Amino acid sequence: PQTGRLALYLLGLRATCPPSEPHRALVTWLKYHLEQDWTGSRRHGHPLTSYYQYGLGVLALCVHHKRVREEVIRRLLVAQHHGRLGHGGTAVDTEAVVALALTCLEHRGLVGARLAAELRAAAQDVSRSMAEAQHPDGIIGNIYSTPWALQVFLARGVCHTEPAYGRAMAALLENLDSFGTAATMAQVLPVLHGHSYLDVASMPCREESDTLTPVDIEPPAEVPGNKTVRLVVECAQPWCLELRLYDQRVSVPAAASLLDVLRAATAQEPRFTFDTQDTPQGPYLTQVLGLEARQQKRNYWQLLSGPSTPLQMGVADYIPRDEETLLLRLSQW
């Protein structure tokens, strides 16, 4: 199901203040996709896509002032209560989307008083856990999940009383260069203006002059020379026969990303294989050396700079240093 893609499209469409309602059919399609998505729970215990996309779907319906069946809402409440929303930065993203959806349903008066109290308590739990999980540098989860956490604080109206908000905002301002794709910019721009996606539901749609003008952006200058990166693959699962599965030095151009390093490793040694899945935030590493990261098995490919520093960027965005050791570790959450 295209749950997340359709939800993001509907959120964007609402933000453009369309003169008519060409989106009624799309809202109906989103409701259909939500039901199709949930059929995965009968086999895997989670939506066919993810709780992130499922939460986005509920949020988009709420922003369009559409009621959601209580059963759909309780699916999110149960997942949040039982800690089924992911790991690391992914968990922060998903928890934040779910908290925004629940807060929207409460604020828009689309549920009864008893259920509204449950939604409020669940959103408070998410907000509290995010504040407790904040790193000393102010980042919550990772740099890309930090804007989502800030949106939760803004939506709940606690940004002036929650110390984690100021520290996270300071960290965000120090790392704005990390947000180089349309998807990541869309998450950070509302926060920089003191808004969350919930504000799309109550936008005063007025006629505005078109201020969007094309900008000529010069391509980045090429960095001369090459660099060598040590690439290590580890399997930290009990069913793996050995921990270290691969350890080789890979030569790449000086400006190469981690994704470029993986491609170069494949060209250098055909037995090295990997696969990625496209997401709005860029490629997500799903398979290395034939070992797949599967949500139903609660494992994922952890990206580390040796010996143990988690990367705050994805495979396409991180630019390794010369002689840096990069670890791909199949871990469990």
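Note that Cβ sites are derived from N, Cα and C of the backbone, with glycine treated the same way.
Copied over from TrEMBL, here are the features:
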type	residues	note
BINDING	49-53, Asp93, Asn142, Gln187, 284-285, 301-303, Leu311, Trp333	cyanocob(III)alamin binding site
DISULFID	Cys62-Cys104	disulfide bond
Across all the protein chains here, work out how many other Cβ atoms are within 10 Å of the Cβ of Tyr284 (cyanocob(III)alamin binding site).
17
Spatial neighbour of Cys104 (disulfide bond) that is closest, considering only the binding-site residues Thr49, Asn142, Tyr284, Trp301 and their CA atoms:
Thr49
Entry from the recorded positions list Cys104, Leu303 having the most other CB atoms no farther than 10 A:
Cys104
Return the residue, from the listed binding-site residues Tyr51, Trp301, with the maximum count of other C-beta atoms within 10 angstroms of its C-beta.
Tyr51
List the same-chain residues at least 6 positions away in sequence whose Cβ sits under 8 Å from the Cβ of Cys62 (disulfide bond), in sequence order, or say none.
Val68, Ala101, Cys104, Leu105, Arg108, Leu110, Ala201
Near Asn142 (cyanocob(III)alamin binding site), how many other Cβ atoms are within 10 Å of its Cβ?
19
For the binding-site residues Thr49, Gln53, work out the Cβ neighbour count at 10 Å and name the residue with the minimum.
Thr49
